[in-house]
Amino acid sequence: MFRGLSSWLGLQQPVAGGGQPNGDAPPEQPSETVAESAEEELQQAGDQELLHQAKDFGNYLFNFASAATKKITESVAETAQTIKKSVEEGKIDGIIDKTIIGDFQKEQKKFVEEQHTKKSEAAVPPWVDTNDEETIQQQILALSADKRNFLRDPPAGVQFNFDFDQMYPVALVMLQEDELLSKMRFALVPKLVKEEVFWRNYFYRVSLIKQSAQLTALAAQQQAAGKEEKSNGREQDLPLAEAVRPKTPPVVIKSQLKTQEDEEEISTSPGVSEFVSDAFDACNLNQEDLRKEMEQLVLDKKQEETAVLEEDSADWEKELQQELQEYEVVTESEKRDENWDKEIEKMLQEEN
């Protein structure tokens, strides 16, 4: 066995031809020495092998530790760079979401969404509880037919307070009620206008429609109240009007007074006959003209009496104003009559 091992290690060369070695060859070493040297060589080879394996394992551990350290360093540096970049850009929501503050914000957001849901359930269209719901509803629904109602901002200087969060539930209700509004929103937002601006312009025009309806209703109420007060005042003033109003038309009384004054003036004038007809005969005036003038006077008096009767059906204020005008007219007519009488007297005096 040792011989085969020594031959494997190259310690002994076989002799060619199986002959005896030459006489000059050194004497053969003892087998025990060969075995010991072989064992030493095997031990040295095993030690070297173990040393080599230990070196390889140490190198492997060193390389692994170096690679792990490098990866950890790179990961820490990358994380630090990401945090720095997020802080600079303000995108720290992802980091905050992983903390207690993030959990609190999630709960708060959930609570706000629940409140929005409750408001949406309680929200109603803008035309509810108005005076004329049907008319206002038609006018509001007609706004969705023209996109200018959503693109044009309120005029400059107009104070229109719009809270998007507060009106958001109403907007959701209107999207359900008005299909054309939903299509208009899909076509305009966000291509031509922002979401908040879209609803601001829309609800501004809705408020104009509601204000117009309120003003119309208020004007109608004031008009009805004024008519009622007027009728009540007329009923209250009716007894006083009956007491103050003369039993006979004022024109008739004035005509009688005017006749008496004419008679007095004619009777006191010198050289004048007792009656006006005598005076006309004395002057040789045209009887036809005189008759026409008298008829005209009668017609004028009848017209005045008819006007007075028509004025009796008007209200008290108009009657008072009309009576004042009649007094002025009578005064002017009296002045004309006086001038006419003076002319007659002058003519009679010239004839005499």
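Backbone N, Cα and C define each Cβ position, glycine as well.
Swiss-Prot lists region 'Disordered' at one of the ranges 1-45, 46-90, 271-315, namely 1-45. Mean predicted confidence for the domain 'BSD' (158-210): the pLDDT average there is 92.
Per-class residue totals from DSSP over the domain 'BSD' (158-210), listed helix then strand then coil: 40 helix, 0 strand, 13 coil.
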